Amino acid sequence: MAAVVFIAFLYLGVASGVPVLDSSLDAEWQDWKIKYNKSYSLKEEKLKRVVWEEKLKMIKLHNRENSLGKNGFTMKMNEFGDQTDEEFRKMMIEISVWTHREGKSIMKREAGSILPKFVDWRKKGYVTPVRRQGDCDACWAFAVTGAIEAQAIWQTGKLTPLSVQNLVDCSKPQGNNGCLGGDTYNAFQYVLHNGGLESEATYPYEGKDGPCRYNPKNSKAEITGFVSLPQSEDILMAAVATIGPITAGIDASHESFKNYKGGIYHEPNCSSDTVTHGVLVVGYGFKGIETDGNHYWLIKNSWGKRWGIRGYMKLAKDKNNHCGIASYAHYPTI
């Protein structure tokens, strides 16, 4: 009850134009602003400070509970600490899994097949460095380029960063909305029918919408099709083990996801029916001894290296398709 009253007073202060601030957090607030290069007008700073303080208290409470074994992951204050819920939602896409469409074919796992217990495609050199999408909602494009980059190695023998901006600018005829969001399915359709995709070197990321400037002479990767996986973690596991990194959609609309630091992420309110964010599944494994409850998917995000485990997350695996990890998964064929 005390926490509810405290938060109520915070918002009452905002409504009256006089935010109630905790002076003991002044130094921490200043350090955070410097670290993430934040600057505000005087009025805006007070409003953002209230949001930041609320997030900080929530994070500290969660981490105290983690130390008591009440949850399996930790959180930290990051660049999103001053974001309101409305601002955070603008970073999210929203795709109902019932719109899941088939690509070239459907993959099936062979009965009795034995898969490795640990997979990490980063260690094999199939994953480019973590990047930061910024204010452009291009998660879907980062996920798709990551999957194509990995598959292209089988042809070229080298890892070439591909152009996210090429997808942002040019896949609108397929139904994407550039920096306002997109769909990995539509992005694969663009690459397939366009006949190729440029590299990051010739078509660098700008983090904003622009005119399509694709030059076929600079194409570095082509695909022959793409595969949509059934909504099965078992089949997703087989694909990650035998094919390579796989694009996936997940429900990332929660404060716990936004502020994730480390450990195996499990959010009780996560949906498996609606996905809001595109990621790349680059592996899987388990923590400690192999027992129920400690298996994870290793996913690559596009929020920079300061988020999560240097840009990655361990998401709970074999927990009823947690956060929809297997609901909207695809991979390209080369």
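Placement of Cβ uses the backbone N, Cα and C atoms for every residue, glycine included.
The feature active site is assigned by Swiss-Prot to Cys139, His277, Asn301, with similarity to another entry given as support. Residues or ranges marked as disulfide bond in Swiss-Prot (evidence: similarity to another entry): Cys136-Cys179, Cys170-Cys212, Cys270-Cys323. Feature annotation from Swiss-Prot assigns N-linked glycosylation site to Asn269; the stated evidence is sequence analysis. According to Swiss-Prot, the signal peptide annotation covers 1-17, on the basis of sequence analysis.
It is Cys212, among the disulfide-bonded residues Cys212, Cys323, whose Cβ has the fewest other Cβ atoms within 10 Å in the structure shown. Cα-Cα distance from His277 (active site) to Cys136 (disulfide bond): 13 Å (rounded to the nearest whole number). Looking only at the recorded positions Cys139, Cys212, Asn269, the one with its C-alpha closest to Asn301 (active site) is Cys139. Of all the recorded positions in the record (Cys136, Cys139, Asn269, Cys270, Cys323), the one with the smallest CA separation from Cys212 (disulfide bond) is Cys136. For the pair Cys139 (active site) and Cys179 (disulfide bond), the Cα-Cα distance reads 9 Å. Spacing of Cys179 (disulfide bond) relative to Cys323 (disulfide bond) is 23 Å (Cα to Cα, whole number). A Cα-Cα distance of 15 Å separates Cys170 (disulfide bond) from Cys136 (disulfide bond).
All protein chains considered, the CB of Cys179 (disulfide bond) has 20 other CB atoms within 10 Å.
A gap of 24 Å separates the Cα atoms of Cys270 (disulfide bond) and Cys136 (disulfide bond). Fewest Cβ neighbours within 10 Å among the recorded positions Asn269, Asn301: this applies to Asn269.
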